[in-house]
């Protein structure tokens, strides 16, 4: 029996490695075809990407860029784990960053208080914004897909309304932005050469650990995943599905509220033009790519940063600007498809083996009967 | 308990590794050689070179420099919803490769250009629609509200239904200048005219390259009886111009470039009454020339009606009949008799 267990794990490892490998090769080939179709040399493109992307300033840039992406993916993944499709991370993060910037710009506390106040404001606002969708789903049965995407657009209008001179913003040249945070609201940076890594990378690490621990190691996480697998089964074993829906939307929104913090506390220090729409949707792609796994999502967030960093260099080398967008799409599709193929293949061998074992058992049984 | 300590150890080791790893290897700045004079680095705003409007106005400046001064131009374009980090990298790439001057087209580059300029003190930078805070940056801003006032006068004179409209790309301080000038121009000419104003997006740059949205907004405005529509929305404007051209007797007013003369809009040119032109090309050309001459322009420069920084296009002859009114209004603005507000 122990021999069988050993064989099983080896096979499992092989299968687990097969999926990402298959995806990588497929993405590489497909991207090459696309680049070649634009009349450019695909190999040179990859050389440029690896060469430029591995430079020290590129490394720092990629890490800084990956922080909000990772947080965004974590927010999306919390929903995914219980079968909730929170596509409103985009709106949640922007509303949260906006009001956190307003609060931070209005207060002037010492750093030990100022930064937590800003961060907690962001989490609270994000949670409330996502909570609206959660409450609507449990009380009125409205699909969260519809409400969250509509809340995205309401978020944009709300920010647009308040982001004007006579309301919550100040005018700076041709632009509006919220008042600047005082110096006590600046998060520390980790000095590296030539540009520093944002200290907010720690927030991402903490969220990653919390995600792993809460979802994988607690009763609450178990309930959440149980609801995700089967609502009736979870309800039958005593889990309140409604409460789980609202709680996980609140959690997802709170994490979404953090997405804007690296930019706000380490870079812009105000809410102006630095909080583009779309980061929430990037989070969906990264969560898919990382298979909702805390480490997987970290790798995908870094990969995304790498692609964006090198994409600009590709444009500089006269490749089409859109190539990187195509690559990102191809990678996500390849990963999703590759995992499905490998899963089905694994299922088939398992079935075959069980079949063979059963047949063998039947045969020995027959023999024993004959012997008797 | 042991597992927790192990975990902590693993995480801190990984973090330490990550930090040291980031600091190794040469940076891209160090390995970029060849600092010869390469020409002009031009970073477009969303919509890109062929937006028939704002970006194209800047491109005409570099095109002229290519012809007259023999400079080369390297063009790069912004994507939708990009972050500050991406803009900084684009400008850094251009400066690092030795392009001089490096010009950012659009207020989006306001922050990044001043930041990147600090790292390249020997390169001259230019930014259109935003100010300069660095010694080696030239901030080129325009009096859009003055040109908008003049097209407002034209709109008031040409409307038959006494209803005119305005479409802005994004509701920010810059585009509000267009609205404010236009509304004042219309009201000063005929206070009875009804004006409908709307923006494509509250605060997303997408407003400058979403022609489909401009098209449907224009459709609504036309159906409510508006017969002149002024669109200040970059590439999106093409959508509303197209829609206006379908309605007989309705006029579109273009922006930034003389849109009557734009190749891509040729099909609709009979509906383009005039355009509020921003002479970005002149500003860009002058900056390139100053760098070539070794006396780079820096600091803030404002281009208003007075110095021909903004103007009204007369191509097509559609406003010949009201030219006297426009000239008079222009004279009043230049003489200071009329103050055009810059916010609605």
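Cβ coordinates are placed from backbone N, Cα and C, and glycine is handled just like the others.
Small disclaimer: the values here were computed from a predicted structure and weren't measured.
The transmembrane segment feature in TrEMBL is assigned to A:60-80 (among others). Same-chain residues lying 6+ beyond the ends of the transmembrane segment (A:60-80) with a Cβ under 8 Å from its Cβ atoms: 53, 86, 89, 92-93, 144, 192, 194-198, 200-201, 203-204, 207-208, 211, 215, 228, 248-249, 251-253, 255-256, 258-263, 266, 279-280, 282-284, 286-287, 290, 292, 294, 297-298, 300-302, 304-306, 308-309.
As annotated by TrEMBL, transmembrane segment applies to A:92-109 (among others).
Look at TrEMBL and you will find A:115-136 (among others) tagged as transmembrane segment. Sequence-remote contacts of a segment are chain residues at least 6 beyond its ends whose Cβ falls under 8 Å from one of its Cβ atoms, and for the transmembrane segment (A:115-136) they are 86, 88, 91-93, 95-97, 99-101, 103-104, 107, 109, 142, 144, 147-148, 151, 155, 181, 184-185, 187, 203, 245-258, 260-261, 264-265.
Residues 85-88, 90-92, 94-95, 98, 102, 129-130, 132-133, 136-137, 169, 176-178, 271, 277, 280 of the same chain lie 6+ residues outside the transmembrane segment (A:145-163) yet bring a C-beta within less than 8 angstroms of a C-beta in it. According to TrEMBL, the feature transmembrane segment maps to A:145-163 (among others).
Annotated transmembrane segment per TrEMBL: A:197-215 (among others), in sequence order.
Per TrEMBL, the feature transmembrane segment maps to A:245-265 (among others).
Beyond the ends of the transmembrane segment (A:323-342), by six or more residues, the same chain brings 15, 18-20, 22-24, 26-27, 30-31, 34-35, 38, 45, 285, 288-289, 291, 303-304, 307-308, 310-311, 314 to within a C-beta distance below 8 angstroms of the stretch. Look at TrEMBL and you will find A:323-342 (among others) tagged as transmembrane segment.
With a cut-off of 8 Å between Cβ atoms, the residues of this chain six or more beyond the transmembrane segment (A:92-109) that come close are 68, 72, 75, 117-119, 121-123, 125-126, 129-130, 151, 155-156, 158-159, 162-163, 168, 178-182, 184-185, 253, 256-261, 263-264, 270-271, 275, 277, 279-280.
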